[in-house]
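Student: The following block contains the structure, expressed as structure tokens.
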Amino acid sequence: MKVLKVKVPATTANLGAGFDTLGLALTLYNEFIVEEHDGVVIETEPKNEFLEIPENNLFIQVIKYACERRGKTFHGAKLKQINRVPVARGLGSSATAIVGAIVVSSAVSKTELTDDIFFDIAYRFEPHPDNLIPAWKGGFITALKDREKTYYNSIDFPEDIKAVVVIPEFELSTEKARSVLPERIPLRDGIFNVQRVSLFLSALQNRRYDLLRVAMEDRFHQPYRKKLIPNFDRVVQNGYDAGALGVSLSGAGSAILALADRNFEEIGKAMTEGFSEAGIRSEYKILDIDREGANLEILE
């Protein structure tokens with residue numbers, strides 16, 4: 001009987017002005033080890049009793065739905081889920097489960113995983129291609145969904161830039177983070193963001209790292225979401241003072257992303273100190289860019 005292991009990277013989306021558009025895969029991974037089984041048995045590492053209930057486990061729900069979409073009956077699975085991507089921090093933890101389950105279901109059914117099949121299943125659980133695609137394909141992508149069609153493209157990302165991700169102890173759900181956003185954006189703010197996301201992509205392409213600070217400014221979401229994150233401005237400023245090239249929320253938060261080409265430890269420590277001033281514990285991770293995406297192995 002085959003045992004399959006899929007390793008799926010965390011993602012960080014938006015990167016400042018690229019709201020619901022840009023996504024980047026990081027070298028932090030959740031792993032899912034699956035084998036056929038009569039009924040569902042789930043083991044989690046670290047132990048998470050909530051996720052060991054099949055109805056609460058997103059990976060199981062997705063693989064069950066994927067089977068149904070192919071006209072198959074889901075009889076069960078034995079799953080070991082190794083969680084390293086923190087939940088509700090803006091690092092795409094749900095996307096890892098969705099992508100992992102789709103990749104495994106495609107392998108089990110010996111079906112080619114086309115874009116149409118992938119998005120048909122994935123959008124049942126998450127509507128954000130800027131998270132889903134880098135978790136699946138890896139690298140740096142820009143994406144949009146137009147009616148029933150998804151368009152995306154990969155963008156070169158400099159190899160000398162790392163992501164310093166500062167992760168506070170508190171969770172921030174995507175639903176709550178979206179609830180504080182305005183329904184309408186002034187024209188001047190739309191122009192502001194279009195200018196900056198264009199500058200951001202050009203600065204990366206031409207290695208003009210001196211432009212990244214202004215290019216990662218935003219008026220679409222961060223001015224509203226930062227109110228949910230104590231001492232946000234101080235954490236960001238500490239990152240810049242320590243040598244960060246650009247700093248922004250990671251996805252919807254609560255994690256904060258700093259792009260840097262040096263001083264990685266200093267940046268991480270300075271930003272965690274910013275949270276400490278508000279009485280909030282946090283940790284930082286220094287991550288490279290994952291360029292492979294979801295990786296499937298047959299263990300036996």
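Any Cβ shown, glycine's included, is placed from N, Cα and C.
Pulled the feature table from Swiss-Prot, pasting it below:
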- Pro86, Val87, Ala88, Arg89, Gly90, Leu91, Gly92, Ser93, Ser94, Ala95, Thr96: ATP binding site (BINDING)
Student: For the recorded ATP site, enumerate neighbouring residues of the same chain (Cβ within 8 Å of the Cβ centroid of Pro86, Val87, Ala88, Arg89, Gly90, Leu91, Gly92, Ser93, Ser94, Ala95, Thr96, site residues themselves excluded), in sequence order.
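Tutor: Filtered neighbour residues, in order: Ala10, Val85, Gly251.
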Student: In this structure, which of the binding-site residues Pro86, Gly90 has the fewest other Cβ atoms within 10 Å of its Cβ?
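Tutor: Checked Pro86, Gly90; of these binding-site residues, fewest Cβ neighbours within 10 Å: Pro86.
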Student: Once the DSSP letters are reduced so that anything not helix or strand counts as coil, what is Ser94 (ATP binding site)?
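Tutor: Where Ser94 (ATP binding site) sits, the three-state DSSP reduction gives helix.
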Student: Within a 10 Å radius of its Cβ, which of these binding-site residues (Ser94, Thr96) has the fewest neighbouring Cβ atoms?
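Tutor: If we count Cβ atoms within 10 Å for the binding-site residues Ser94, Thr96, the smallest count is at Ser94.
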